[in-house]
């Protein structure tokens, strides 16, 4: 399947343009982060209350210490002050424990919901927009970015508020003790805060660029590993490795820039507080010597000064974490903005995507799921394989007296992006309920696009498609795909065992059905020879390409579809196995519709009807013999495939091979 660029990701290098971020107001950025936290605001409020209560206990400690010192100087009893100090300590421990558990739980739930949203979006998204992003990038969004979101969306928000309150509360208590020393402290705090806030935006920009570069690296690395055999055979390890490492080095550069700025910010914070403490100690000692304040007051003030480091550190760390979290939240929301597939639940039955009514001529009311499930749609029936199409071959009636065609495309024009060249133009096509239709043509002719339209991966710009007389736009993609099974050319492996793969389309199939389709694709002996049989884990390396292709075909046949779509399903098998599979496909065509994208002579010769596509349109149609006589392009394609020399051999193999 090679008709459009968006389907190819194996060795593509994402554009660096994706790393350019559009600046947004800070409030708008915080609003993106808050959208993840909003569902948990009550728990978050509880965590904030606990944090503030803990801060109040912390603010009371220096005053209790002052009370202890005053009691000692007055030779009074220490029982009450010490008891009070121990009570504050114990209550503070319990409060801190509760606070930690509440915020940790919120953080995990935020991450789970973000990952759930992403996974659901990936599987419900429209295929073409989703395929424009590499799989590595999408995985990074659901893993690394959600981890960055974890702390920012819970403890950092609380810590930012709590740190601010604790800072203000500490300054107030300092003012209660001595206004002169407060003035010294406030001057240092203002200078530190100004410098810190100046550095924060630069840290955020560096972190966001580092995350973007990391996502690009993941995307290229993922595609390269998927095509590792091609990479090695092409001796491209060094070249491709260098390209991947360019993104890694770029991420490291931005990361180092962020680390340096963070280091400066933290140094400013710590240095400022230390200088403030030295100044407080010096000025305080002079005031004690002059008798303006007592020693207990200076000690309490110094304790507040040391305590002041906690809110400053808390604020510094919270702002830094928030910057990372905001960048991650923006990246996650970008992916969540990928449009969903259309549904059949819009007003008046017109399907909608993300709440918008799509363009298109169909506006009739959609049938309910109950109507579809109870058999309003006629069961596939009839015989023949006539196909109607625009093109030099003229029109054909596809019903043959059996209630009309199963699938019809009327004046379909489609493109993969606004402003792009049309992938197909004014295509008219009717596919009967039974029979084998082959689609042939040069690369880029629109063959894969026809499959994408039939499977509703792509919506037409003009024209409409009907399934058993019901317009596609009145059906959800899921309802449409219930009638199809599909075998891709590169036959990706579904994670799990062989049984999981076979039952993927039809989980209710029984052992007899599984045995039947395995016999049809000549895999029974291979699987029975395995130690775990059908429960053997299946991955991309444990089975050959041809075996994986046959498993995919067996999975499709087990689904008993009304329409079987095959993208050259025998491209990686030997001639004897191909003969058995060809008989299976022909048997399927006797009971349902089969449509293939054909590149091999066996699928071309034995098709009931062949559609020849060129430049997005249907150039001609007919049987193999008819097209050989009537169309020069078809003769050129046949000549390139050497069909003329091998046709008799294929007929001999397919008719003479013993049944499996």
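Just so you know, glycine gets a Cβ as well, placed from its N, Cα and C.
According to TrEMBL, the feature region 'Disordered' maps to 1-22 (among others).
Among the features that TrEMBL reports, compositional bias 'Basic and acidic residues' is placed at 1-11.
Long-range Cβ contacts of the transmembrane segment (44-65) within its own chain (Cβ-Cβ under 8 Å, at least 6 residues beyond either end) map to 37, 81, 84-85, 88, 91-92, 95-96, 98-99, 102-103, 106, 154-155, 157-159, 161-162, 165-166, 169-170, 173, 299-301, 303-304, 307, 310. Residues annotated as transmembrane segment in TrEMBL: 44-65 (among others).
Residues or ranges marked as domain 'ABC transmembrane type-1' in TrEMBL: 45-324.
Sequence-distant contacts of the transmembrane segment (77-101), counting only residues of its own chain at least 6 positions beyond either end whose CB sits under 8 Å from a CB of the stretch, comprise 47, 50-51, 53-54, 57-58, 60-61, 64-65, 67-68, 71. If you look up TrEMBL, you'll see 77-101 (among others) marked as transmembrane segment.
Taken from TrEMBL, the feature transmembrane segment applies to 157-177 (among others). Distant neighbours of the transmembrane segment (157-177): 33, 37, 44, 47-48, 51-52, 55-56, 58-59, 62-63, 103, 185-186, 189, 293, 297, 300-301, 304-305, 307-308, 310-312, 314-315, 317-319, 322; these residues of the same chain sit at least 6 beyond its ends, with a Cβ under 8 Å from one of its Cβ atoms.
Per TrEMBL, transmembrane segment is recorded for 183-204 (among others).
The transmembrane segment feature in TrEMBL is assigned to 263-287 (among others).
Per TrEMBL, region 'Disordered' is recorded for 338-397 (among others).
Here TrEMBL flags 407-640 as domain 'ABC transporter'.
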Confidence summary (mean pLDDT) of the domain 'ABC transporter' (407-640): 87
